[in-house]
């Protein structure tokens with residue numbers, strides 16, 4: 001029996017089999033969890049439903065996190081199928097493509113800043129607020145996906161780094177707020193992975209190569225490795241952990257200097 005047997009988990013942000021969210025979903029299902037999913041636009045519904053079916057789920061709901069009405073509707077609909085919620089995965093991030101290349105100050109705009117923060121950062125407390133009644137008193141857990149650009153200046157990551165910094169603050173505040181209700185909240189800072197979302201960052205291939213050459217493991221991490229970490233953080237095995245950011249990056253974040261060898 002898997003360590004997530006009987007757990008009910010809602011996963012956001014799964015848009016392809018290369019998505020980190022897919023790696024998380026697969027790991028959770030392998031450990032016995034029941035899953036539900038969201039999609040953001042109608043053209044993705046069929047694709048997400050197909051992947052959900054492969055993971056033994058028929059629970060797929062539309063949710064544009066820029067809309068409080070859609071967020072609230074997801075949990076209203078989910079409540080018709082489940083009596084509660086044990087896990088929530090926030091795998092959501094977006095910034096206009098033109099803001100993810102070149103000079104930071106030249107690329108940033110008020111509109112790009114607001115969009116990146118609304119979708120990538122505000123969406124975590126917005127989802128947690130709506131999920132709270134279903135998660136309360138169940139030893140439940142929230143996991144959100146971040147990146148090293150939250151705390152380091154990564155070329156071309158630009159405004160998304162600011163949004164991820166805000167997300168990580170949101171993880172800590174959410175953990176502090178919900179702990180007394182038996183709800184934990186943690187983050188995973190994953191190393192760069194070639195996903196559809198990552199393709200919007202300029203020179204991403206160079207970033208992948210640099211990280212693989214300079215982290216202690218001398219390779220990039222996989223969605224399976226991130227998925228296994230998320231499954232642990234969503235389980236009772238991690239019951240004493242909340243408000244933390246766990247790095248799954250092959251050790252790249254420990255480096256003071258990037259040297260060959």
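Heads up, the Cβ atoms here are built off N, Cα and C, so glycines get one too.
Taken from Swiss-Prot, the feature active site, proton acceptor covers 147, 157. Among the features that Swiss-Prot reports, NAD(+) binding site is placed at 13, 19, 20, 64, 65, 92, 164, 193, 194, 195, 196, 197, with the record citing similarity to another entry. The substrate binding site annotation in Swiss-Prot covers 95 and rests on similarity to another entry. As annotated by Swiss-Prot, site 'Involved in acyl-ACP binding' applies to 206.
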Residue 157 (active site, proton acceptor) and residue 194 (NAD(+) binding site), Cα-Cα, nearest whole angstrom: 15
DSSP three-state assignment for residue 20 (NAD(+) binding site): helix
The residue listed as 'substrate binding site' versus recorded positions 13, 147, 157 - nearest by Cα: 157
Nearest recorded site to residue 147 (active site, proton acceptor) by CA-CA distance, among recorded positions 13, 20, 157, 164, 206: 164
Around the Cβ of residue 206 (site 'Involved in acyl-ACP binding'), the count of other Cβ atoms that are within 10 Å: 11
